[in-house]
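Undergrad: Got a structure here, written out as structure tokens. Questions coming.
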Amino acid sequence: MSTSTSTSTSTSTSTSTSTVSTGASGGPRGRVGSDRTGGGFVGAFTSEWTKLWTVRTPYVCLLVGLVVTAVFTFYYGSIARINDKPIQPVGNASVSSVVLTQFALVILAMTTVTSEYSTNSVRTSLLWVPVRPRVQLAKALLCALVGFVTAMVWGVLGIALAWGPFRGHAGFELSKVAYQTVAMGVYSALICVMTVGVAFALRTAAGAVAMIFFVVSALPGMLVGLGGPVLLAINEYMPQTVGGYFMLGDGEAPFPDAVSVLILLVWAVAAHMAGLLVLRRRDA
């Protein structure tokens with residue numbers, strides 16, 4: 001009788017424990033698993049947006065670009081008037097300032113990548129967004145968007161500031177101004193994408209800045225300085241040269257505007273793929 005009661009109690013306890021265990025393993029875990037949908041690309045982009053504006057670097061870059069645009073375009077208009085230059089589109093002042101202001105955007109785009117590698121926070125980024133191409137694409141798209149909007153704002157500001165100093169040595173045509181402003185945005189956006197790719201490939205601020213400066217600015221100067229038909233022909237396909245033709249839109253480019261955009265796109269995609277290749281091979 002005592003043995004039967006003990007056995008019954010043991011069986012009941014075992015069954016109860018099994019039920020609780022099953023409920024604990026099946027219920028909450030099942031719900032957690034079913035609710036893990038993830039943020040996808042939108043979540044990755046939102047995360048990058050938040051990280052970008054929680055540090056000082058982008059604000060400093062935007063301010064520096066703004067100041068350089070203001071000073072450069074004012075003096076561009078003044079010099080054109082003093083030297084009695086022929087009448088030109090007023091937007092040429094802003095377009096010419098891109099030679100300098102583009103590097104403010106380059107530094108902004110570069111730091112979205114290299115700052116994470118320098119602090120090892122890239123491990124956290126890749127942990128939360130384990131799909132490597134998604135991380136790089138989110139950074140590239142964010143920097144392209146910021147570069148596009150910022151360059152257009154700088155362009156409009158430069159046009160407004162240059163108009164007075166020109167004093168009749170510049171013409172204002174709304175369609176031309178609109179074209180040059182948008183072209184500045186497109187060029188700057190693609191340069192930002194290119195920078196993100198190079199930053200992922202090299203992973204250091206010094207290396208990324210040196211590479212971008214060499215390809216975008218130094219190499220074209222060397223090619224033109226050395227001269228020769230071959231080197232000059234190569235220079236026609238360098239990013240800054242192509243971008244200059246595209247932004248000026250004066251009809252002197254060796255190819256149509258659509259081809260100019262395509263060449264810039266090839267540079268940006270090539271850099272992006274190089275960065276992605278390194279990211280997949282070496283990870284964090």
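Please read every residue number as a count from 1 along the shown chain.
Each Cβ is built from the backbone N, Cα and C atoms, and glycine gets one as well.
What TrEMBL says about a protein is an automatic prediction, not a curated fact.
Marked as region 'Disordered' by TrEMBL: 1-35. As annotated by TrEMBL, compositional bias 'Low complexity' applies to 1-22. The compositional bias 'Gly residues' annotation in TrEMBL covers 24-35. What TrEMBL records for 59-79, 99-119, 140-166, 178-202, 209-238, 258-279 is transmembrane segment.
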Undergrad: Under 8 Å for C-beta pairs, could you tell me which stretch among 59-79, 99-119, 140-166, 209-238 has the largest tally with the transmembrane segment (178-202)?
TA: 140-166
Undergrad: Which residues of the chain, 6 or more past the ends of the transmembrane segment (99-119), have a CB below 8 A from one of its CBs?
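TA: Distant Cβ neighbours of the transmembrane segment (99-119) are 48, 51-52, 55, 57-58, 61-62, 64-65, 68-69, 72, 125, 139, 142-143, 146-147, 150-151, 154, 187-188, 191-193, 195-196, 198-200, 203-205, 208-209, 212-213, 216-217, 240, 284.
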Undergrad: Against the transmembrane segment (140-166), which of these stretches has the most C-beta pairs under 8 Å: 59-79, 209-238, 258-279?
TA: 59-79
Undergrad: By a Cβ-Cβ criterion of under 8 Å, what residues six or more beyond either terminus of the transmembrane segment (59-79) are in contact with it?
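TA: Distal contacts: 85, 90, 92-94, 96-97, 100-101, 104-105, 107-108, 150, 154, 157-159, 161-167, 169-170.
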